[in-house]
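Features as listed in Swiss-Prot:
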TRANSMEM  37-57  transmembrane segment
DOMAIN    37-318  domain 'ABC transmembrane type-1'
TRANSMEM  72-92  transmembrane segment
TRANSMEM  151-171  transmembrane segment
TRANSMEM  173-193  transmembrane segment
TRANSMEM  260-280  transmembrane segment
TRANSMEM  286-306  transmembrane segment
DOMAIN    350-584  domain 'ABC transporter'
BINDING   Gly384, Ala385, Ser386, Gly387, Ser388, Gly389, Lys390, Thr391  ATP binding site
Amino acid sequence: MTQLSEPVPVSLAARRSLWQRVARVWPYFSGSRAGWALAIGATIVASATEPFVPALLKPLLDRGFQRDSFNLWLVPLALMLLFTVRGLSGFLAQFALAKVTNDGLLKLRGAMFDKLLSARLTLFADQSSSAIANTVVYEVFNGSSMLINAIMKLARDVLTLLALIGYLVYLNWKLMLVVALLFPAVAFVIQVLSKRLYRLTKESQTATDDLAYVVEENVMAHRDVRLHGAQAGQASRFNHLSNSLRRLSMKSTAAYAGMSAITQVLAAMALSAVISIALLQSAENTTTVGGFVAFVTAMLLLIAPVKSLSDAATPVTRGLAALERGLDLMNLTPDESGGSFVKARAHGDIEFADVSVIYKADAAAALDQFSLSIKAGETLAIVGASGSGKTTLVNLLPRFVEMSSGNIYLDGQDLRAWNLASLRAQFAFVSQHVVMLNNSIAVNVALGQPVDRARVTECLAAANLSGLLAELPGGIDTILGHNAMQLSGGQRQRLAIARALYKNAPILVLDEATSALDTESELAVQEAIKRLTASRTSLVIAHRLSTVQHADRIIMMEAGRMIESGTHAELLARNGAYAHLYRLGFRNT
């Protein structure tokens, strides 16, 4: 199976430092300077309020209960003001953070989708559609939310720690030395367990892709699975992958929980030491009750940010791992490359010169030193057994497949010299595998071009779809739904023919385009195709005699080579491979 999670080895990604990994995603989230400024400013204010809680306790305990020595009413008023400022700052920081996250997510998703539209087509052969969709839609959303929130929480906790530590040093620098011993140990725990979390996160991404792919396969093949009674096998496959994902999730939870538990134990050890030393100091009258309570309170307030810092490794690690999948999709997938030659409308002369295509190093050539010249306006029929190279041949023309060697020329210009957009504008494709967008009939027919309603209706009529339009209340504005599945196979294929008619390209490729049509529909569509091919270069792959017998020329292919060429009558008279195929039933298939 294919999947998306393999572009960068985990070991290579793990060798990058935390700051190197953050630097990779920073350009997408750095645009909203006002948002960052507001979030950081509000975070600083919220963090600075933390030491005021124990600071209010000290005078209250030392002097507050002595008559006329301290105004007790100042304490509740100060607390109200303190928590009002704190709450408002938290709200502003969260709102600004949401803006930063969503702006960055919009930018990152846009860049990823642009990459999907411009990437080499090997991307879609190497990776499953579920893995790509999971990365673009879910991974970057979860990753950006986790990472940005974790970074700001990290900043808030660090600032809170600094504020509290400053207050602790002011209160009792000797006790603070004991607390300081906690930080190296916590840092060591975070460093060790973060590496494990990163590895487990990458493995979980792969397992999630595998599971999503099984679901995707069973949705697409639901009829075949039921027809062949394969439910038990597919359920076993799904359960095996689900259990693998569950085990990885439990390992991640154990690492996360272990990090939190160890940090709390270290904090408890430090607190116990502080209390012991404070008791010794109180015997020497160097520590007041208020000072001791304020110190312990401030130290207890330290536990939350320290624990949070230990927990921050999990969302930061997971967020970075998720976002790096999107970055790897963009950075490690090369774009399609084209030349600069542009022509508004090609004449239609095509030449293949010693073209070979080898998909895998250890596999036989799909095309083997293939040479052929096609004149402008000629209708060429291509026949041959399955796997003979017919579809590979026509997919070379718009560069959906790249040749391994040789040259292909359109109007005397090497295909690689053509601008890709200009090159592909010269071709209209109709294949047996029809893909329609979840949009209106009009938009699907005019795909990539402005919608001319009269022209759309004309093309639909030429493709024998007038009857269907009359049955639809919305006419050409009817939404087709997922791949137009409410239409029959023949109707979808005729819709693809209408799309080709609308494009009005100088070169037409029909890849078994009438294979799903009934006899009545085929006769109507054949007439439309005959009109369509009258002034165009046409390449027709078909298994039906009616599709090829009127072609100007027929070529017979076998194992990536052309073994015969001529008209239908000439090839029958030659009594070779084509005549043999014809006698085996080609005329009836």
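A Cβ is built for glycine as well, from the same backbone N, Cα and C atoms used for every other residue.
Shown on the structure are the features that Swiss-Prot records.
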residue : record           : Cβ within 10 Å
Gly384  : ATP binding site : 23
Ala385  : ATP binding site : 13
Ser386  : ATP binding site : 7
Gly387  : ATP binding site : 14
Ser388  : ATP binding site : 21
Gly389  : ATP binding site : 24
Lys390  : ATP binding site : 23
Thr391  : ATP binding site : 20
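The residues near the ATP site, meaning same-chain residues not in Gly384, Ala385, Ser386, Gly387, Ser388, Gly389, Lys390, Thr391 whose C-beta sits within 8 angstroms of the mean position of the site's C-beta atoms, are Met557, Glu558, in sequence order. Among the recorded stretches 37-57, 151-171, 286-306, the one sharing the largest number of Cβ pairs closer than 8 Å with the transmembrane segment (260-280) is 286-306.
Within its own chain, the transmembrane segment (151-171) is flanked in space by residues 22, 39-40, 43-44, 46-48, 50-51, 54-55, 58, 93, 97, 179, 291, 294-295, 298-299, 301-302, 305-306, 308-309, 312, 316, which lie at least six positions past its ends and keep a Cβ under 8 Å from the stretch. Confidence across the domain 'ABC transporter' (350-584), taken as the mean pLDDT and rounded to a whole number, stands at 88.
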